[in-house]
Structure formats: C-alpha cells, structure tokens
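Contents: one structure, followed by commentary.
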Ligand code: GLN
C-alpha cells in the first residue's frame, strides 16, 4: 500500500514536470528557445528510469556519465558546433558494443565482460552528439519474442504490467514507451525490433539487410541481423537511420549504396500506391480478431484515399517459421561457439581441465532457450541431416525471397499485422517453444527476404493494449517506406 502510494505520488509529481516529445525536432526547438537544456532532459529521463525501475527495461544505466555528456552537448549547442543528434537521449539494446561499457546480451555467460571497442552504430550516434543513457534488457542473445529468456528477468509492458514487453528488444521498446529516453536502438533478426514496438505502441524499423553495419553487434544469425531504431515517431526513425546507415569498412555485408536523405523525404505521399495484404495472413484462425479488424479498417481508409489495396496469395506462409528457425539456429550454433569460458565472461569454478572448462562454462552460462537453439542448430548442420534440413531451408529461403520480391514488383507495399496477437501474459505458453516460435509468423518473412519493414502503432484493443501493423517494401526503399508510414500514422484514427 505504502509502495503504491509512493509510486502514485511520484507519478503525479513527475507528470507535472515531464514533457515528452514526439520528435527530436521538438526537443531542439525547445532548447533553442531556452525552454529546456540537454542536462534537464537527461535528468528527466533518469527520473523516469527510477520511477519505472520495476519494469526492468535497463540492465545498466549510465547516469553520471550521461549528465557529464549532457553538459558537454549543451556547451556545444551554445557554441554552434553541436551535431545533428544534440538533445537526443538514446538507450541501446544490451547486445550492442559500446567501448568501455559492459555488454551482456542478457546472458550470464558474458558476466563481467566489457566492450573493447564500439560498434559502428554507436560510433555514429556519438559522432552526432547523441547521449547514450544505458543498456537495455533483451532476450538472451536476442533469442526470443517476449524478453522472458533474459538472465535478468522479463521486462514488463507499461500498458499492462502483467504482460510481456515483446522481444527480443523488449527493454528498448519499454524504455521508449515509458519515456525513459527519446529513442532506442534494437536489433532485429526475425522481428525483434518490430514485435516489441507493436506490443508497446511505438515505431520500430528493421532496415534492409546490408543497410546498417553489424560491426560490434553480438551476432545471433549473421545473415539476418540488423540494427534499427525504436522511436515515438517516424521522423525520429528516419533521422536515426540516416545517421547509422551506410558503408562501413568493418562490415563487408553493408551495401555501398548512398544513404537517402530520409528526413527530407517525409512530405505527405503524392500519388496513389498499390498495397497488397496477404490473404493467408488474414484468413488464419490464429490471428486476433481485433488485429484483423484493424487491418481491415486501414485497408478501407487507404482505399478511400484512392490507393489500391488488394489481397494476394503467399502460399509459402506456412514455411516461413520452420525455414527461419532452421537457418537462424544453424548460424547461432556457429556464432555462439566463441563463448567457451576462456575468451569471454563467465568461467565455471568447477572446471578442472580445458574440456571441462568448455563444457561446464557453457552449461552453466547459457540459459535454456539458448542451449535449445545451439542444439537444434548443431543438429540441422550435422553430417547426416545437413541436406535434409539446412540445405533445403536455404532453397526455401530463396523461394520465399523470390516470391516476396515478385509481389513487390506489382505492389509498392505489403501490409500485414506485426504479430498475430497483442502482448500476451508473462509466462503464457512459456513451456511450449513451438507455440512461441509460431508467433513470429508475420515478422520473419521480411527477415528471410532481407527487405525493410516497419511496425506502426495504429491503435489499442478493447483492453488498452497497443496494436501494430507492419509495412514491408523493396530492398533499400526505406525512403518511401518512411514517407508512407508517416502518412498512414497521420490518417484520422476514426
Ligand atoms: N522471436 C524471434 C526469435 O526468437 C526473433 C528474434 C530476433 O529478431 N532477434 O528468433
């Protein structure tokens, strides 16, 4: 009771002093007019982080450091030398390396490990004077869709604290949802930016594979992983992508294509678009009726505005989840071989020789879901089964990509739900991995095809839980994707 009262009182005091901003431009305007400063902003977010500590969104807060950096940025603003992200206070998912700071991928196995270099995405944020306020909780090694596989426990959804945040970038999504920072970076292998964004009522963008450098991200499945923004607005997503995207000598998989000026390209869409929705997705029994109805509502709104919205058949839908899990677990089993108790983090105290160091450190250091995936991946790559599983899944990935691209030859966008359900209860179906894997059905198509996709917060269900819809488009067409997203978000809600 006492705790509750304390929380309620602090909430009201805080509400009086808080001003949450839809975009960084609003923040910068207030700074220019002397209405706030970067130091004040950082203090406000730190206050909010304390207030919402029980949501478990952060694994570590870089509080003192953020205040020092804020003074520095305020000075640069006065001198007129500040970067584009001056005033942007951002959180990073705890699988993104930041030199001199701990990074754990929410795993015990990285206990005590400190990054020896910064990821390219972090370097680029800092070069533009963003302030990194902390590292956010996530599913262990980004394996999960609920943040419940984290060694540090689940993240609670601010909209309903009995519900999951989504995952794997659950802490990042809740940090933005609850105003603990202006934006966050997540990573997305099969939906980990988009699905928590949908569950938390914020914007989540997975860029085209090869748009953003993976240098300094803790790898899960290297042919899928991408970092991207989680924000309150499309404007901030556009700005952050513009800053972090582009060629990098440290990552040969990044495209050399120029980065479009996304922020200059957000004027309302001119011209009528062709939008496909996947009929199998809408006809499936597993999709929540309120999500179906949201999709129908938006299809109708778009039609009324003169766009073409049509059903298309994607008969490979039932293969996307198995294909994704065969390929990602295979890649993960190889990527996670480096955590051996010798090079990084946790080492078992019970080890007596080299072999028992490997075995015991890995047995004690990895959680259950990570072990399951390492074993699955090792199995699908094993001599007797390689052709039957891994090689076949590669072929099906190609078919999924070709078919998706064929749809995108005829249509500008594909519109599908981000997730078949809103945020579910913490613990629900936790013992049934297959049920959990199937929940990724709408996010993994874009990941397998390598195309960009964005989740947009387009409403709440009758219980007040956020609902998201997803737009997919052609590779490297983020400029159009962002522009159309802004337009959709600005359509009248009723
Ligand atoms: N839920 C998916 C998985 O568990 C996606 C994870 C991710 O994108 N990192 O693999």
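Going from the start of the chain as shown, residues are counted 1 onward.
Positions of Cβ are set from backbone N, Cα and C atoms, glycine also.
Automatic, uncurated: that is what TrEMBL annotation is.
Note that the structure is predicted; figures quoted are calculated from it, not measured.
Marked as active site, charge relay system by TrEMBL: 93 (among others). DSSP classifies residue 93 (active site, charge relay system) as strand under the three-state reduction. The number of other CB atoms found within 10 A of the CB of residue 93 (active site, charge relay system), across every protein chain shown, is 33.
Residue 168 (active site, charge relay system) has a Cβ environment of 35 other Cβ atoms inside 10 Å. DSSP assigns residue 168 (active site, charge relay system) to coil in the three-state reduction, outside any helix or strand. The feature active site, charge relay system is assigned by TrEMBL to 168 (among others).
Per TrEMBL, the feature active site, acyl-ester intermediate maps to 192. Residue 192 (active site, acyl-ester intermediate) falls within neither a helix nor a strand when secondary structure is assigned with DSSP, and so counts as coil.
What TrEMBL lists as domain 'Amidase' is 40-482.
With a cut-off of under 6 Å between the Cβ and any atom of ligand 1, the active-site residues 93, 168, 192 reduce to 168, 192. Long-range C-beta contacts of residue 192 (active site, acyl-ester intermediate), restricted to its own chain and to partners at least six residues apart, with a cutoff below 8 Å, comprise 138, 139, 142, 145, 167, 168, 169, 186.
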